[in-house]
Amino acid sequence: MNWVFKDLHTIDLEDFQYSRANITGFKIVETESVLYEELLNETNYRLLRWKENTIDSLSCIENRFSFQTSSAMLYDAVVLFSKALQDLDNGKYVEKFPVISCDDISKGTDGTSIINYMKSNKILGLTGLVHFDGQGFRSSFSLDILQLSKQGLKKIGAILPGRYINITDIIEPEVTNQYSLEHRKYVITTILNKPFTMLKNSPRQLSGNERYEGFTIDLIEELSKVLHFSYEIREVADKKYGVEIDKERGIWNGMVGEVLSGTADMAIADLTITSTREQVLDFTLPFMHTGISILFKKPTEKVKSLFSFLSPFSAEVWLFVMAAFLGVSFVLFLVGRLSPYEWDNINPCRQEEKIEENCFTLLNSMWFTIASLMQQGCEISPRSSSTRTAAGIWYFFTLIMISSYTANLAAFLTIEKVVYPIESAKDLAKQTKIKYGCLAGGSTKTFFESSTITTFRIMKEFMDKHPEVLMESNEKGKEEVYKGNYAYLMESASIQFLTERECNLTQIGGLLDHKGYGIGTKKGNVALSAWLSTGILKLQEEGVLHTLKERWWKQKRGGGKCVEKPSGSVRELGLGHVGGVFVVLLVGVLLAAAIGFLEFLWKYRKFSTSQDNIKKLMVKDIRFALTCSSSVKEVHRFKRRKLESSQSTMADVNDIKFGSSDFSSRNTGLSIKQ
């Protein structure tokens, strides 16, 4: 399959370098020019400053910015237009250009002059020489032809002016003699690190390859079956992964050094693929992806709070419950005063008494609502339909809220909350109480040394000032973490293995970077690395790599010991969870108020009197209810009006409650005549 791109220089093709894909592209941008480098450095500097001010996650990947073809052409167009304006200004005095609408057919006075200046000018821009012919077409430009190789993008020719193609180099596809690689014995260097390479626990003396077990040991065995080769495993002498110890002579230590010196044919371990190592080694496709994370000891003290009983509900819900309590209490108080059926004789034995009392005072109403909210009884009971409606809705509200509170409180009390002093690498960099370090002479240390992000630079300076935080091995780092007040930076794959077995350890935050583990071979031996990559791809497609990881991370050597049972996250209930109950309560309270007002009107309708007096008495009674001045009032008796039916008898006298405590027959009259 062939791909052709016009912005090939802006695409990261690292994953395709060893895939034998024939990727060809064209490039008009002069990426080797001084102008391009100056603009690129300035742009990357501004982007870096912007990242430092706006970054939220420390797991971002540092990518250099590159100009796309469209951006480079736009830059050249603006520069050419600017130069044309300068030439026009030098040729004649231009005070200002007239404003021209795009919808108008009129033309500018100097448009033709600007076009002529642009046609006649020549500039050296990001896309090379910019020059136009008499018809306004660009001429005298060239396109570079790029092709992907093992070393990256390579120029193999150019399209010159006049549509002439000049091919200067051809990358021939590499033909691998598979049979020359098979049935050979390879020396493999590795390093002890759980669960990749470990010594077997056996009561008998073991020798050779059978001494080892682990993920990479099984990986080698599976590859040998697929690719038909034999191998000999050797431990690296200095127990190092490999860093450049002498840059002038290009000397490396560890597994990388043994491959470079020819002591080993390949290095198989949790060997990270980095840019510096790729300069001296050929890596296969990654057989596992990982990233740097933080290993930390779990706090032993749990969080305790005197007010943990408030945890089931959010602060917003508690405020709404308090508002509902006060609101319903006040509505009960007002409806009780307005409804004539909530007024009763103080002394039932003396019916001639003209003084009646209302039990729903403000304090009694609050006592009634709080008692029902706390699931307790109360000696006050509503008698009218309106107050009973309000009470019923309040009972429903308390039923839902108390049930929700009880259920969520039980969940909160059974789950102990643990608070960690740090939550990310940014927290580590901001404090000095907790020390942190990594493996000395590994890819993790190299990551901090080459990073340009402020947080990682601070961490690198801290580790340089305190060399004691750098560990000889991951096992030493784990022991230091157990001592407390120490965070160890290592690959997440190893952290996952430890946290599956060491229940007092945990991983803090996400990944600081993204990388992979690969098999390293000697530089230039492309056939061997490509051959091994083919085997890795086959194992990946068949699910063998996934099976191996499940075996060594979750099953072997005590795996699965610290797997936490999924209990679900217990969260406080917010208004979004119980908001519907408040809506029902509001509707019920409004309904109760409406029923209370209808009861008030119905009581007056049953009496015969003039419309003017009725209105006066109703207004007076409403004022008395709203003034909230007293829970006792005098009762006035009226004769019931004649019914318009065949009945002609007089009805018994009913009570009308109105007026104030100083109401008297002197100012209202004792009766209303029919």
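Glycine is no exception: its Cβ is also placed from the backbone N, Cα and C atoms.
Automatic, uncurated: that is what TrEMBL annotation is.
In TrEMBL this protein carries:
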DOMAIN    185-555  domain 'Ionotropic glutamate receptor C-terminal'
DOMAIN    195-261  domain 'Ionotropic glutamate receptor L-glutamate and glycine-binding'
BINDING   THR272, ARG277, SER443, THR444, GLU491  L-glutamate binding site
TRANSMEM  317-335  transmembrane segment
TRANSMEM  393-415  transmembrane segment
SITE      ILE422  site 'Crucial to convey clamshell closure to channel opening'
DISULFID  CYS503-CYS562  disulfide bond
SITE      LYS538  site 'Interaction with the cone snail toxin Con-ikot-ikot'
TRANSMEM  578-602  transmembrane segment
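In this record, L-glutamate is bound by THR272, ARG277, SER443, THR444, GLU491; the longest C-alpha to C-alpha distance in that set is 17 Å. The closest partner of SER443 (L-glutamate binding site) among the recorded positions, by CA position, is ILE422; the full candidate set was ILE422, LYS538, CYS562. Tertiary neighbourhood of the transmembrane segment (578-602): same-chain residues 313, 317, 320, 324, 327-328, 331, 334-336, 338-341, 384-387, 389-390, 392-394, 396-397, 400-401, 404, 618, 621-622, selected by CB-CB distance under 8 Å and a gap of 6+ residues from either end.
Here the domain 'Ionotropic glutamate receptor L-glutamate and glycine-binding' (195-261) has, by DSSP, the following mix of helix, strand and coil residues: 25 helix, 16 strand, 26 coil. A gap of 27 Å separates the Cα atoms of CYS503 (disulfide bond) and THR272 (L-glutamate binding site). Taking the Cα atom of each, THR444 (L-glutamate binding site) and ILE422 (site 'Crucial to convey clamshell closure to channel opening') are about 20 angstrom apart. Around THR272 (L-glutamate binding site), a 10 Å sphere centred on its CB holds 24 further CB atoms from the protein chains shown. Per Cα geometry, THR272 is the residue among the binding-site residues THR272, ARG277, GLU491 nearest to LYS538 (site 'Interaction with the cone snail toxin Con-ikot-ikot').
According to its DSSP assignment, CYS503 (disulfide bond) is coil.
When the recorded positions ILE422, CYS503, CYS562 are scored by other C-beta atoms within 10 Å, ILE422 scores highest.
Of all the binding-site residues in the list THR272, ARG277, GLU491, the shortest Cα-Cα distance to CYS562 (disulfide bond) is found for GLU491.
The DSSP secondary structure for THR272 (L-glutamate binding site) is strand.
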